[in-house]
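Below you'll find the structure, written out as structure tokens, and then a few comments.
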Amino acid sequence: TMQSSGHRFRDVEHHPLLGDNESYDSSSSEADMAERVWFIRDGCGMVCAIMTWLLVVYADFVVTFVMLLPSKDFWYSVINGILFNCLAVLALSSHLRTMLTDPGAVPKGNATKEYMDNLQLKPGEVIYKCPKCCSIKPERAHHCSICKRCIRKMDHHCPWVNNCVGEKNQRFFVLFTMYIALISAHALVLCGFQFFSCVRGQWTECSDFSPPVTVILMIFLCLEGFLFLTFTAVMFGTQIHSICNDETEIERLKSEKPTWERRLRWEGMKSVFGGQPSLLWINPFAGFRIRRLLLRGKKGGPEFSV
């Protein structure tokens, strides 16, 4: 722990600020983070993320090739095919942006005397250092043991998106849960119509697949749709409630008393989604810029940057 004139530096445990051979440049670090594509190298998270994509692709296969293409109603197939595939693209795009967006990581190793002197702290003011990533912890930041970083306004770590949900990517996570819930509900409705159509037609010309295969594929899709709809609808509602109350899941579970001025209801929504209500709120491509990707080949960390 370090004492300096004019302020106190509080830590959970005694820990060196930086190693003898380490240094920290705050300006270059912030510039690097602006150009960084975030990706957590966590085995469980990567498996869950791949499974998410495979399940969406499976649902799209069953809907397209088992239900819609064999249908004799042309417009029924076209309208539902376009709607379902658009929702699938939006869901997977939201998933990618949640997974590859820096959730609000605090720069590592910024707890240096030079950096603290630049903060111009008031006499007696207490600042906190995370002993695990050696960084000054801003208010409402928490350390994630999987990302191995302190995350601003960390809500939780979600293995299905292989990332933390925090200040900078919560919007994309909310869109991901919303679009998965919509695509699941659409798949269940289509399954209901298809079962009714097959039973009425005595399973003749119901599908290009044999009746047993068709039934098995649709049963698995119904189970998948029901489970995903239940999970994502609950998560979507929880996230909206947290945003409207300006309270993260961690803060709610720890019953932390707010030391900040809360942004309630629409103010909270506008702070997360940005600006006044518009179609941009539900567009996962909003603000996306294609940058030149430069592989930096950093090894040993939980994330890499390009």
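A Cβ is built for glycine as well, from the same backbone N, Cα and C atoms used for every other residue.
Curation does not apply to TrEMBL; its annotations are automatic.
Summarising the annotation, TrEMBL assigns transmembrane segment to 43-68, 74-92, 172-195, 215-236. Annotated domain 'Palmitoyltransferase DHHC' per TrEMBL: 129-255, in sequence order.
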Let me know the model's mean pLDDT on the domain 'Palmitoyltransferase DHHC' (129-255).
90
Segment proximity, the transmembrane segment (74-92) to the transmembrane segment (215-236), 3 or more C-beta pairs under 8 Å:
no
Write out how many residues of the domain 'Palmitoyltransferase DHHC' (129-255) are helix, how many strand and how many coil, based on DSSP.
71 helix, 19 strand, 37 coil
